[in-house]
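Student: I have a structure here, written as structure tokens, and I will follow up with some questions on it.
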Amino acid sequence: MKQHLVIFDTTLRDGEQSPGASMTKEEKIRVARQLEKMRVDVIEAGFAAASPGDFDAIHSIAQTIKDSTVCSLARANENDIRRAGEAIKPAQSGRIHTFIATSPIHMEKKLRMTPDQVVEQAVKAIGWAREYTDDIEFSAEDAGRSDLDFLCRIFEEVIKAGATTINVPDTVGYNIPSQYAETMRQLIERVPNSDKVVWSVHCHNDLGLAVSNSLAAVLCGARQVECTINGLGERAGNAALEEIVMAVRTRADVFPVETRIDTTQIVPASKLVSQITGYPVQPNKAVVGANAFAHESGIHQDGVLKHRETYEIMRAQDVGWTQNKLVLGKHSGRNAFKNRLQELGIELESDEALNAAFARFKELADKKHEIFDEDLHALVSDDLVTPDQEYYKLVYSRVCSETGEMPRASVILNIGGVEHKAEADGGGPVDATFKAIESIAGSGAELLLYSVNAITTGTDAQGEVTTRLSKGDRIVNGNGADTDIVIASARSYLNALNKLHSTLDKVKAQGGV
């Protein structure tokens, strides 16, 4: 009988540390619900001590999620662990994930602690965590560059103290598969009582080896993999959940483990995270890329038509790919709209939220005749912005553009109940619109990224715009969608400005695995 492989998703914590990928509480809850629907075992909902906003989001997710363990990260100090324990208190199943660095360079340069002090602090951390839960994970930050003998020593002590999961992170993505697998094998072999805990891996993708390293460790005894949707994460990202899960499932002949993941929810989760964070999925991305099941070669096409398994090792529908289909139109009623949202796994909090979304749907249906599932996802994402998060609100936008003349934009913004109007010229209609908005907002933010993607096919398709703004040490992504690209751009820019302004934005606590 195959052993269970725990899937630990850290999209909401490590994934959110990607530049500009910070999410609101409502967005985090929406992602957490999708992860629960996908049957993820553990959801790392955030870093409770990082900010009041992070604490609140974890606490809300702990109240909402019933079928997955809700986890908070915490440094190995009493305050962090207390905040984590309070945040996960409402959870039906809660975990505290505490960590301390163990590599020589981290202990000396960052912690300024001796190895003995690090071991002592780690043991204390487990004791503090046990006051809140029996499910305690310990991570040795930068284990990939740590001395093996020291890892054996610290893991032995934290297991004695009550840790139930031992995580061996390759924090900077330094290891190669054979090396990482051997580390895992030796740890399990040498650490006393290693059979009493779950051994976990957390790999970063700096050398493009996060998934390979994780799978190599699974073959050597790891029974938890920490990963993120789309491989989202700081620097080059983390191990991609979809690749780990499908590798284990597709190569069941090789891996002695199985997961409980509902793989048909993988693509919906990928699209949701991409939409919320503003990080597009590259077309050739394994499993969830737009081209993952596309065949251009005539020889390949002929083979697939004759027998799918000639060139496909997975079925597209098994990971949640479906053909775009017309689902609703301008004559569709509120109940049909509500039912389709439920089929897509989209839950709105109240009748007021449903009414607002339905009103936006009717506006969209007047602009384009065919409404696809992707349109509904984009529409609901726009409606997740609550009034207290919408300091800047677009009231009116107009652009005059003609051949040989510089475009001129006119915008009206509502700021705190007061309308402000401005006009500006620009190198194009979008440039003019952004300049008009800035002449009112005066944010001083720097535009780092502007990108447009068609949500569906056709000339009447909605354009989904992502903007990335930087101000000081803060980077945020904004999203907006509309059949009018200029309006979508304005919404995206204002969405980013509102995130910069929002009191929910936070300064991340330093550290992480």
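Placed from the backbone N, Cα and C atoms, the Cβ positions cover glycine too.
Note that the structure is predicted; figures quoted are calculated from it, not measured.
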Student: Record says His202, His204, Asn238 bind Mn(2+). Source is Swiss-Prot. Which of Asp9, Asp14, Asp41, Asp425 does it list for that same site?
Tutor: Asp14
Student: Residues near the Mn(2+) site, Asp14, His202, His204, Asn238 excluded, by Cβ within 8 Å of the Cβ center?
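Tutor: Residues close to the Mn(2+) site, other than Asp14, His202, His204, Asn238: Thr10, Pro169, Thr171, Cys203, Asn205, Ala210, Glu226, Cys227, Thr228, Gly233, Gly237, Ala239, Val513.
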Student: Ten-angstrom check, please: count other Cβ atoms within 10 Å of the Cβ of His202 (Mn(2+) binding site), all chains counted.
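Tutor: 31, counting other Cβ atoms within 10 Å of His202 (Mn(2+) binding site).
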Student: What is the total of other Cβ atoms whose distance to the Cβ of Asn238 (Mn(2+) binding site) is within 10 Å?
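Tutor: 30, counting other Cβ atoms within 10 Å of Asn238 (Mn(2+) binding site).
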Student: Under DSSP, the region 'Regulatory domain' (393-513) has how many residues in helix, strand and coil?
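Tutor: Split by secondary structure, the region 'Regulatory domain' (393-513) comes out as 30 helix, 51 strand, 40 coil.
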Student: Counting every protein chain present, what is the number of Cβ atoms, excluding its own, within 10 Å of the Cβ of Asp14 (Mn(2+) binding site)?
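Tutor: Around Asp14 (Mn(2+) binding site), other Cβ atoms within 10 Å: 25.
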Student: Any idea what the model's mean pLDDT is for the region 'Regulatory domain' (393-513)?
Tutor: 88
